[in-house]
Amino acid sequence: MSHHTTLHRGRKTVAATVIAAAALTLTACQGGKSDASGTPSAAASAAASGGGSSDSGASNGGSSAAQGSSGAGAGQGASAQGGGRGSAPQHTGSGAKAGPASARHGATARCTTAGLQAGWGSSGGGVPDMHGDAQQTAAVWLKNTGSSSCTLSGFPGVQIKGTDGRSLDLPRSAQKPARVTLKPGGTASFTIRLLPSVRAGDRKIEPGMVLITPPNQTQHVQLKWPYGGAILDQSGATHPGTFVDPIHG
């Protein structure tokens, strides 16, 4: 009897131990599930606070996919992304444009034909002797008649109109042009190299008027030829003796 009682108590103890162990195991499993469910929530919360833009974009993308490509969510998402990506290039582009625009506003404008006055002679030029056959020089000055500074750079166009109606377009010299800035009332000049003709059998042109077109302009000013004589017509020659030099200060 004592042995039976002891065995029965032992079985109860074993059963109680098994139940207790099962309870501990169940508690541990529930605890594991609680921890597992809590970790994504914390991660999602952290992701929402730290990478909200990315998450909202993914969410909007999913929503727009459900609503259709024409949905408001899709439109806003594309606009926001486009604006985000485009804002830097647009800023760069506007900055790149602003530089030249500022330079244009701050730079001195070109002299125009309407803002220039022309005449014969200059501080470095004399009167050509049209009675000999040696090369001569005639100088032309250009005056800025405007109220602001302007620039001249390059060669003027020069056409000699003959008294018989013929014309002679002068080629350019090999001199390198330089930019000249003219203040209001300021002057620049250029020279015309001339090869007079005094022989009866020469092909020549007797100048009547000279048409001068400033650099980068299409309109011209007209000057009456004051020196008389005739110029040897070397049209088509490789190295003619009559040509024009660039404008200088």
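Using N, Cα and C of the backbone, Cβ positions are placed for all residues, glycine too.
Whatever TrEMBL says is automated annotation, not expert-curated.
Database features, via TrEMBL:
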- 30-48: compositional bias 'Low complexity' (COMPBIAS)
- 30-108: region 'Disordered' (REGION)
- 55-69: compositional bias 'Low complexity' (COMPBIAS)
- 70-86: compositional bias 'Gly residues' (COMPBIAS)
- 111-228: domain 'DUF4232' (DOMAIN)
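In this model, the domain 'DUF4232' (111-228) carries an average pLDDT of 96.
With helix defined as DSSP H, G or I and strand as E or B, the domain 'DUF4232' (111-228) counts 3 helix, 56 strand, 59 coil.
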